[in-house]
Protein chains: 2
Amino acid sequence: MSKRKFNVAVVGATGAVGEQIIGLLEKRDFPVEKLKFLSSARSAGTVLRFKGQEITVEEAGPDSFEGIDIALFSAGGDVSKALAPHAVRHGAVVIDNTNAFRMEETAPLVVPEVNEHMISKHQGIIANPNCSTIQMVAALKPLYDRFGISRIIVSTYQAVSGAGAKAIDEMLRQSKDVLEGREVTPDILPVGSLPVKYQIAFNAVPQIDKFQDNGYTLEEMKMVRETKKIFGDDSIQVTATCVRIPVVYGHSESVYVELKNDYELEEIRDLLSNAPGITLVDDPASQSYPLATDAAGKNDVFVGRLRRDLGNPRGLNLWIVSDNLLKGAAWNAVQIAEIIAAQE
Amino acid sequence: MSKRKFNVAVVGATGAVGEQIIGLLEKRDFPVEKLKFLSSARSAGTVLRFKGQEITVEEAGPDSFEGIDIALFSAGGDVSKALAPHAVRHGAVVIDNTNAFRMEETAPLVVPEVNEHMISKHQGIIANPNCSTIQMVAALKPLYDRFGISRIIVSTYQAVSGAGAKAIDEMLRQSKDVLEGREVTPDILPVGSLPVKYQIAFNAVPQIDKFQDNGYTLEEMKMVRETKKIFGDDSIQVTATCVRIPVVYGHSESVYVELKNDYELEEIRDLLSNAPGITLVDDPASQSYPLATDAAGKNDVFVGRLRRDLGNPRGLNLWIVSDNLLKGAAWNAVQIAEIIAAQE
């Protein structure tokens, strides 16, 4: 990494992902010159700590980005759409955690383990993919390079933290209500802005984000579209079922992948053991496999339960787990920032 | 149903499934002449109620079955292996909820909606399939008949009640421990008889039953083998990933099925709407889809989230939910008993 230091803005500093970004900038000793914490008017005035220093959160506006080199956005798609262009106008590189620019042609959609080379092609905005996509493509990259991938069939087991701090509170409150015999009154999940709410405590809810015309949810379509864009390969067939379950941190995914060529399981094991950002946890004899509770708080993507499809010689099952707020959001964004910093 | 009445024995009467069987025999007004509740020595002496009458649970032994017409077993595979032959020797028809005889050629493996005709072919023992298999094949049967099925890729979201009453207690206790900030000490799950235990509260554990040499768990291999046997079709390719999640009652399944012929989604909808034992819950506009909390306590299999694979014109995604103790165990067994009773 160069000796240069950077003026960094964190937009959505008081949110679940913002908090993780700030923690990572500190822990990774990111070369920060000046740090600016931005938020909505509601949270402005909050005082946050960074390396022992107190920083007051300011309200984000079009002129918040003067002198900023890198702006990390995670305050929702509307905020990104409204303010990211202003950050770019002031000369900042925007790393955006929302869905606002992911499918825009001018915005690279980056998972460093997969397509780091796209970072330098940005025109001001780099998009951070959806949490459920990031961990899957990071784990599949070594298989893609070696064997090719013809199709992916994925079912997710997603943590409530993906829907924000309020959804965590709701799930824990509902769990307490059920345990103490009280009626549950769902308030936020599955989708805050939609009228129908369902209990998430002790349940599995097959809806994350709004339904699209084709019957898939937006979360499912993100997995389909983003996977193709990140690999730069429209020929990969992807179908997804996205489900919210009562877990706080860590998305788990049951992934079935059909490779383009024959494979040996030992070779897959070797590839994953040596892949950057991947930890292989796969030993049936000792009941070792990835678990959300183990992945929580860690940056890596954990992969296990490797099994050959007994019918299709090119079919493979994997169980992929990662902390949705870290590799699924904050860590992937900070990784990109580190790469930008190293390139300057 | 004929006017004849039957002497019925329930083996494992004090267990989670036994309790449901007794409840169904009462609720369905099964033509009972004499009812016998059997259990291990540990639970013998327990007094249970049936239609206002008190019945004392007796210890099950080789001679417990004299005069019994129908014996419903759900006390574990070892008990079935030891005692079912004795029940048959005494002239009873055994309906066995365990894994003891499912793959034996002489034992029909029956889900009435799929292969009711096999019931009359029994040689004393009829096997009740595994919970996760039953709800899947019941939902897929109309599709199989109309289009044919070439392969099934299933990921499950299974309730802790499938591991028995103690696993429910453990999950609820762990949830309380987490909510109140206490350390969690796993005791039973994922597999009582294996050394390594994991927290199930606020987690997703991709192990149900023991690992086999091929890397699949026994639960996963049950889904593979039983599906072929129930449909009487070895050509169906099945691959499964079975996962325990913190739900009390109701297994959910994300099922991807590849049909042998082209289909229209409307036709699938019509077939499932008219299928016996199936309730279609599938309206994205009103956020309607099956949920474990809704299926709990009901006999039907609930199906929704019907979506075409966007790449493969013969691929279809479904979300299948049912109460694992009812259609997944007790209700399927009592259904078989009712058919036997009606045939006499």
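Glycine is no exception: its Cβ is also placed from the backbone N, Cα and C atoms.
Among the candidates A:ASN317, A:ASN324, the one that TrEMBL lists alongside A:THR14, A:GLY15, A:ALA16, A:VAL17, A:ARG42, A:SER43, A:SER161, A:GLY162 as binding NADP(+) is A:ASN324. Closest to A:GLN158 (substrate binding site) in space, going by CA atoms and restricting to the recorded positions A:THR14, A:CYS131, A:HIS251, is A:HIS251. Its own atom aside, the Cβ of A:ASN324 (NADP(+) binding site) has 30 Cβ atoms within 10 angstroms in the protein chains shown. In the structure as shown, the Cβ atom of A:ARG102 (phosphate binding site) sits within 10 Å of 23 other Cβ atoms. When Cβ neighbours within 10 Å are tallied across all protein chains shown, the highest count among the recorded positions A:ARG42, A:ARG244, A:HIS251 belongs to A:HIS251. The secondary structure of A:SER161 (NADP(+) binding site), as reduced to three states from DSSP, is helical. Largest CA to CA distance in the NADP(+) binding set (A:THR14, A:GLY15, A:ALA16, A:VAL17, A:ARG42, A:SER43, A:SER161, A:GLY162, A:ASN324): 25 Å, whole number.
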